[in-house]
Amino acid sequence: MERITAIARGRVQGVGYRHFVETCARATGVHGYVKNLPDGSVEMVAESSPASLSDFIRYAHARDNPGIHVEQIDVSPGPATGEYRGFRVEW
């Protein structure tokens, strides 16, 4: 199991992006959370297998969603803690 922290930038707040990411996480079996940051970006913390995390980030680019425009996602790896069960949207 691995862990990533990812920051999505672009038009990602106020457009349903966090719930979109939650759907991506459930589809790929990723555990963690997603939340808005004060600077207009969105933070995702996710744990799963390397393959699932790769799929999760690929889906999180939201290329087929016209209301969301992800300009970039910066991904930082880290050690998995196993602290998450399921995936949640934080407010």
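Positions of Cβ are set from backbone N, Cα and C atoms, glycine also.
Database features, via TrEMBL:
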DOMAIN    3-91  domain 'Acylphosphatase-like'
ACT_SITE  ARG18  active site
ACT_SITE  ASN36  active site
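Long-range Cβ contacts of ARG18 (active site) within its own chain (separation 6+, distance under 8 Å): VAL34, LYS35, ASN36, VAL42, VAL89. When other Cβ atoms within 10 Å of the Cβ of ASN36 (active site) are tallied across all protein chains shown, the result is 17. Here the domain 'Acylphosphatase-like' (3-91) returns a mean pLDDT of 98 for the predicted model. DSSP classifies ASN36 (active site) as strand under the three-state reduction. ARG18 (active site) falls within a helix when secondary structure is assigned with DSSP.
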